[in-house]
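Chemist: Dumping the structure here so I can ask a few things about it.
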Amino acid sequence: MNSGLEDKIRKLVKKEGSPLMLISKEALKKQYQTFKRHLADVVPYYAIKANPHPEIIKTFVHLGSGFDVASAAEMELVLSLGASPDKIIFANTIKSAEDLKKAYKAKVRFMTFDNEPELYKIAKYAPGSKVLVRIKVDNVGSTVELSLKFGADPDQALFLLKKAKSLGLNPAGVSFHVGSQCVNVENYQKALEISSMIFEEAKKIGIPLSILDIGGGFPIRHFDDDNHITFKDIARLIKKKMRRLFDKDVKFIAEPGRFFAGPAGTLVTQVVGRTFRNNKNYYYINDGVYGDFSGMIFDHCKYQFRSLRRGQKFLSTVAGPTCDSLDVLSLSEDLPEMDVGNIVYVKNIGAYSCASAVPNFNGFKPAKILMV
Ligand SMILES: Cc1ncc(COP(=O)(O)O)c(C=O)c1O
């Protein structure tokens, strides 16, 4: 099944060495098109925090995507690569005064918030902005819990929307995030229901809302035998609920990060050391948690390690190259017997990997990124 990919990997390692992060433009396009096909009425704003590589951003600019940025630096990056200001949402509920000033100047005037002090800041530094109140929703079963840090209690939403209006802002709607890698469809279900109640209540008090931002969280497969709910199943439910719960003129947007960038990335490493210890093979590879496996720490992610070698598999430990004992990637992988120089690769690792890698810990650089 992977033979085409493995031939390509062999050739690239011969030419470029390793580690390599291969980003497939075709896969980026496929993810975007899959999203559009299954959620035709939802406008995607790619959350560039997942992977801000310029070629990825350019690909999504070309496809017509919007962008979710978390800082002025991210905003400036997407603008410099051709995104138009009206296709950007500043979707960090906490923004510095400096960043707000930059956003205002750049005509990026669409943002989320989840607390009253933030509204005063927005009104002062980005007056008149279109704002969405981010509410706290269930993140049950999601790999990354975002509701621990973000989101107003839903019963505060009306108060905050009224406050936004009184400060001269444009209270346009509601946003939520069900947690990243969300495999529990109930999180979306409940979030949509709560949001629709806020839409109803807001209408009654003369604040008609027109935008619902359903955030990110759309799951991808990390392992061949993952059998969790798929994006398509979740999309089917969202579509059904959207039709039932919201007026026809409501506009829907989303902030997919992992779903757009994850499947496009393949990380290619090589064994740089090996030993036999505790009745197991130990393989040390040339990328680790300080590099492109940073998602194991920050994203709570696990990956499937694959070898280009064939043959009987043995219980193995896989570790990164640094002197830190935190830098262990797996204590129980089934891998064939390998030697120094053999290739180990991981698929579906394009999101929250190179984006959060440390540039030079112990002198080890993260993988060279190649668009393929
Ligand atoms: C505000 C916001 N939007 C979107 C995303 C992207 O989420 P995901 O990668 O799960 O699609 C995140 C991730 O942390 C986020 O914080």
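Cβ atoms here come from the backbone N, Cα and C positions, even for glycine.
So TrEMBL has the following annotated:
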- C323: active site, proton donor (ACT_SITE)
- 27-261: domain 'Orn/DAP/Arg decarboxylase 2 N-terminal' (DOMAIN)
- K49: N6-(pyridoxal phosphate)lysine (MOD_RES)
Chemist: What average pLDDT does the predicted model assign to the domain 'Orn/DAP/Arg decarboxylase 2 N-terminal' (27-261)?
Modeler: 97
Chemist: Write down the Cα-Cα distance for C323 (active site, proton donor) and K49 (N6-(pyridoxal phosphate)lysine), rounded and given in Å.
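Modeler: So the alpha carbons of K49 (N6-(pyridoxal phosphate)lysine) and C323 (active site, proton donor) sit roughly 28 Å from each other.
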Chemist: Which ones in the same chain are close to C323 (active site, proton donor), with CB under 8 Å and 6+ residues apart in sequence?
Modeler: N362
Chemist: What does DSSP call C323 (active site, proton donor) in the simple three-state scheme?
Modeler: coil
Chemist: Under a three-state reading of DSSP, tell me whether the residue listed as 'N6-(pyridoxal phosphate)lysine' is helix, strand or coil.
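Modeler: The residue listed as 'N6-(pyridoxal phosphate)lysine' sits in a helix per DSSP.
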